[in-house]
Amino acid sequence: MGLSGISLLTTTYSLILQHQSLLLCLRAKGFGLDLKKDMEGVDYLSDERKKAQFDVEAMKIAWAGSLEAFQLSDRMAKLVANDPAFEKFTRPMLGRKELIKNTLRKAAHGWKLIVDLRLTEEEAKWLRLYIDEPAYTDLHWGMFIPAIEGQGTEEQKKKWLPLAKKMQIIGCYAQTELGHGSNVQGLETTATFDPQTDEFIMHSPTLTSSKWWPGGLGKASTHAVVYARLIVGGEFHGVHGFIVQLRSLDDHSPLPGVTVGDIGMKFGNGAYNTMDNGVLRFDHVRIPRDQMLMRVSQVTREGKIMQSDVPRQLIYGTMVYVRQTIVADASKALSRAVCIATRYSAIRRQFGSRNGGPETQVIDYKTQQSRLFPLLASAYAFRFVGEWLKWLYTDVKERLAANDFSTLPEAHACTAGLKSLTTSFTADGIEECRKLCGGHGYLVSSGLPELFAVYIPACTYEGDNVVLLLQVARFLVKTVSELGYKKPVGTTAYMGRVASLMQNNCAVQTAEGWLNPGAVVEAFESRAARMAVRCGQQLAKYENPEEGFAELSADLVEASIAHCQLIVVSKFIEKLQQDIPGKGVKQTLEVLCYVYALFLLHKHQGDFLATGYLTPKQASLANDQLRTLYSKVRPNAITLVDSFNYTDHYLGSILGRYDGNVYPKLYEAAWKDPLNDSDVVDGFYEYVQPILKQKLRTAKL
Ligand SMILES: CCCCCCCCCCCCC/C=C/C(=O)SCCNC(=O)CCNC(=O)[C@H](O)C(C)(C)COP(=O)(O)OP(=O)(O)OC[C@H]1O[C@@H](n2cnc3c(N)ncnc32)[C@H](O)[C@@H]1OP(=O)(O)O
Ligand SMILES: Cc1cc2nc3c(=O)[nH]c(=O)nc-3n(C[C@H](O)[C@H](O)[C@H](O)COP(=O)(O)OP(=O)(O)OC[C@H]3O[C@@H](n4cnc5c(N)ncnc54)[C@H](O)[C@@H]3O)c2cc1C
């Protein structure tokens, strides 16, 4: 084949796809073809992009939340993508020590950019996100600083925040211990007040009291907010946060009485192993009294405990904040996986060739659509519920600053429940995207294995997802039990209409009848209300409510999920009631909203049927409508993932490349693997050749 033959290959998309494997063969056999030259600059997804029925640029803004948010995020994404210091392709191949050093280098480079370019805190946050490498800085900015902001007095904030914000100290959040994580009141580390010296003595009395897991603790942090049992005058006064210095600010060595290190390798290559999750023990370490975070309770010089008007639960406030950010992260992680799987599904062809024509794009298989499009719709649903949750948290924060604590229980229930719902779904969704990409999805260069490995602990950290759903259940049970005399508000307002929600059944008669926001919301409200009330009725049969709660906990978790799904569906619908500019943007989002809701209805139809709200026929009509909706998503699928505006750097996936140039890049990447540095593998002469050359004497073989 001559050069003219090769240039012919670039003429049509389908021809190129057919000939890619041939080209690759030629190169491998030393025919000297330059694949890069032949394939680069071609957009293999351009036909797909032409199918869009909406204004992609406007959708990017709808996804980002505003034009300003879009521009900021776009600027930071490009800053990172264009800086070779943030290369991450080789990350999964690095040993642990190299990995951590590499992460420290990237964090330092990121900080230099933040300082040199005078980035705002918001810009810095996006910069760190796009660097896309879990690091001690996540905990420093994401938990250490918020803990001081939320639980410190004005004086404490004045002293510690400037140091932390200039990174003159590095902090982490040391709550979990070897023996207890979920049960915070069960922590064993002690902080005993010594009135003689006006100090607290931090101590780890047992092996199980060793702090275990805190990110950034293992190797980087100089300080920690340590959660410990406050002991004054020999009495226990609850768990509180204390700012403790761990390492010297000169040479970083542990201070006397402090034993600190890393807890070891975690799941996956690269992935969360860039984080130095640590272990920490105290041997009677003394800290000044004013290093207890004292917004909630104060210990005076004389050793008296003073309670402020602030509720004790505010000690858990940092977790509320972080859970809210984790919901936003869920939409990022899910949209990333979906972007990879959608683009690749449009490139990948299997079966269905007629008369030598191209095979079918796997995205056109209805089974592929029924697995992929609900994930795409969920990414958008989580994005919008995350936006709402951020608003809710900001509102609560403002109220707390003004000593109004009335909305804290709802904020706790919403953040706990939505954190649980979105992270569990996203973790499963990333794995589904890997399967949607067939064999190539299992390659590290697909980006999916590392994304999965880095993401799955989100189901555990910041509260185990089941433990958090049980918190939602307590909130629901309380709401139900108070219905007779207290009007439910906020996300439980629907319970105020419990009588009609229990009585009225679904009125939908046709598949089109499901394209009605009122019908959809009522279905989810009725299911959630009926499940919560049923749990309440069951609980009432127990003399001991705690015993009943434990016995019914699996059902209570189901009721919590129903309530949280209702929130996500309602917030998506509310979003669509706003003005959303751009040709076809609102209509396309409406389709996704129905996909999300009807997919859930189909998946959980057992709940809807068992509560008596739906008939089997109505459930079946919902499924008919869902199939029609998938056909409406299909032409917009690629541009819906383009609207996330992810750079190829952030995606970190050959399968998800913007230009769809998958096969040559996969091929090229394989040759970059260190194993291919030589033709004869290391160890051949020691371990393989002797086998090949052996003269076997046994008759059997
Ligand atoms: C592409 C994307 C890539 C993604 C990668 C990004 C990286 C992101 C970085 C994220 C880094 C994560 C780092 C992780 C950090 C951590 O994990 S920190 C440790 C977190 N630990 C937990 O979450 C522990 C979970 N346990 C608890 O929260 C609580 O102990 C509990 C289980 C909720 C309560 O236990 P219990 O003993 O029953 O309760 P009490 O202590 O007695 O309190 C009960 C009352 O308090 C109310 N309440 C509970 N929590 C809160 C709260 N947070 N806020 C407000 N109120 C709260 C509860 O409702 C009870 O109220 P009443 O009924 O009115 O009494
Ligand atoms: C990657 C990662 C990073 C972390 N970073 C930090 C950090 O920076 N700082 C920090 O302090 N901690 C951190 N943690 C710790 C984390 O917060 C805890 O692991 C988490 O809160 C879960 O607690 P646990 O490990 O005690 O789980 P457990 O509570 O022991 O859970 C084990 C099982 O028991 C079940 N279970 C527990 N209690 C109940 C119950 N009441 N009812 C029903 N079932 C129950 C759970 O559902 C789960 O299936 C991190 C953890 C991970 C994995």
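Placement of Cβ uses the backbone N, Cα and C atoms for every residue, glycine included.
Caution: TrEMBL annotation is automatic and unverified by curators.
Feature annotations, reproduced from TrEMBL:
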- E462: active site, proton acceptor (ACT_SITE)
- T176, G215: FAD binding site (BINDING)
- 55-170: domain 'Acyl-coenzyme A oxidase N-terminal' (DOMAIN)
- 316-477: domain 'Acyl-CoA oxidase C-alpha1' (DOMAIN)
- 517-693: domain 'Acyl-CoA oxidase C-terminal' (DOMAIN)
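All features noted in TrEMBL, drawn onto the structure.
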{"residue": "T176", "record": "FAD binding site", "CB count, 10 Å": "18"}
{"residue": "G215", "record": "FAD binding site", "CB count, 10 Å": "26"}
{"residue": "E462", "record": "active site, proton acceptor", "CB count, 10 Å": "24"}
What counts of helix, strand and coil residues does DSSP assign across the domain 'Acyl-coenzyme A oxidase N-terminal' (55-170)?
90 helix, 0 strand, 26 coil
What average pLDDT does the predicted model assign to the domain 'Acyl-CoA oxidase C-terminal' (517-693)?
97
Rounded Cα-Cα span from E462 (active site, proton acceptor) to G215 (FAD binding site), Å:
12
Round to the nearest Å and give the CA-to-CA distance linking E462 (active site, proton acceptor) with T176 (FAD binding site).
10
